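The domain 'G-protein coupled receptors family 1 profile' annotation in TrEMBL covers 43-294. What TrEMBL records for 25-50, 62-88, 94-122, 142-165, 199-223, 235-254, 274-294 is transmembrane segment.
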Amino acid sequence: MSSSSITAIHPAAFLLVGIPGLEHLHVWISIPFCFAYTLALLGNCTLLFIIRADAALHEPMYLFLAMLAAIDLVLSSTTLPKMLAIFWFRDCEINFYACLVQMFFLHSFSIMESAVLLAMAFDRYVAICKPLHYTTILTRPLIIKIGMVTVTRAVTLMTPLPFLLRRFHYCRGPVIAHCYCEHTAVVRLACGDTRFNNIYGIAVAMFIVVLDLLFVILSYIFILRAVLQLASQEARYKAFGTCVSHIGAILSTYTPVVISSVMHRVARRAAPHVHILLAIFYLLFPPMVNPLIYGVKTKQIRDHVLSLFQRKKV
């Protein structure tokens with residue numbers, strides 16, 4: 001196929017406008033985004049370093065936490081550097097294939113994050129409901145298999161999207177009214193029958209969010225039942241206290257998703273920048289907050305961080 005024929009099918013590049021309607025505030029908006037991204041990088045890199053360096057933390061709970069930190073790093077780094085380039089340097093152009101790659105990584109790692117949160121719920125279920133069998137159930141081979149299934153599920157579900165988008169003719173222009181290449185925003189520019197893309201995108205999102213969240217809730221029903229059966233109040237408090245960090249991570253991840261979903265249905269006539277800011281909040285908030293949640297609530301990690309600071313002072 002000739003290069004002219006390929007160009008006729010899709011543009012060589014898209015233009016990301018940033019936040020429509022707030023272009024004059026891009027520089028000011030970039031300040032909290034840059035701060036949040038810096039916290040996400042520092043927090044998640046610190047978690048990975050501590051878990052890797054301390055052999056005592058090579059347990060299932062912390063291995064899943066390391067997976068979550070790695071996913072959060074990739075998830076935020078997929079979009080924020082380009083977003084800041086738009087805000088600071090007005091570097092709005094993104095290559096067509098780079099756009100598809102960004103979209104693939106963005107949606108794939110969002111699915112992986114949901115799966116890891118589910119795996120962490122399973123870890124807490126086994127630790128509280130079957131404590132005597134914890135080490136025999138959550139073995140290293142099983143954790144590796146869970147990691148492989150997490151990646152395989154996300155890649156399998158998202159691989160069709162770039163190929164489906166590549167076949168469209170983009171007659172509505174190359175301008176994407178967004179900060180990054182999100183599936184729905186790209187589909188809006190395509191001509192032809194895009195119903196399958198729309199249905200597939202919604203079906204995958206609903207399947208992942210509803211199914212994973214359902215199993216997480218089910219795990220916590222069993223956990224709560226097991227905790228309430230403990231004899232002393234102190235034992236109940238201690239057992240459920242091990243779940244606080246995970247519950248915080250679930251809330252930080254799913255709350256923005258639910259808010260964004262409700263806003264899309266309740267406030268359809270809201271300005272586009274409202275929905276885009278919510279979408280950015282979903283990308284930035286969990287990677288920034290999760291390391292703080294686990295750093296504050298997990299004694300082993302907190303002690304390790306404090307020891308690092310004490311060494312620097314000495």
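Placed from the backbone N, Cα and C atoms, the Cβ positions cover glycine too.
Remember, TrEMBL labels are computer predictions, not curated facts.
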Stretch of maximal Cβ-Cβ contact with the transmembrane segment (274-294) [cut-off: under 8 Å; candidates 25-50, 62-88, 94-122, 142-165, 235-254]: 25-50
Sequence-remote partners of the transmembrane segment (235-254) [C-beta within less than 8 Å, at least six residues beyond its ends]: 68, 113-114, 117, 120-121, 124, 127-128, 209, 213, 216, 220, 223-224, 226-228, 285-286, 289-290, 293-294, 297-298
Remote residues contacting the transmembrane segment (94-122) - C-beta distance under 8 A, at least 6 residues beyond either end: 10-16, 61, 64-65, 67-68, 71-72, 74-75, 78-79, 82, 146, 149-151, 153-155, 157-159, 161-162, 165-166, 176, 180-183, 186, 204, 208-209, 212, 215-216, 219-220, 246, 249-250, 253, 283, 286
Cβ contacts under 8 Å made by the transmembrane segment (199-223) with residues that lie 6+ beyond its boundaries: 111, 114-115, 117-118, 121-122, 124-125, 128-129, 157-158, 160-161, 164, 183-184, 187, 240, 243, 247, 250, 254, 257
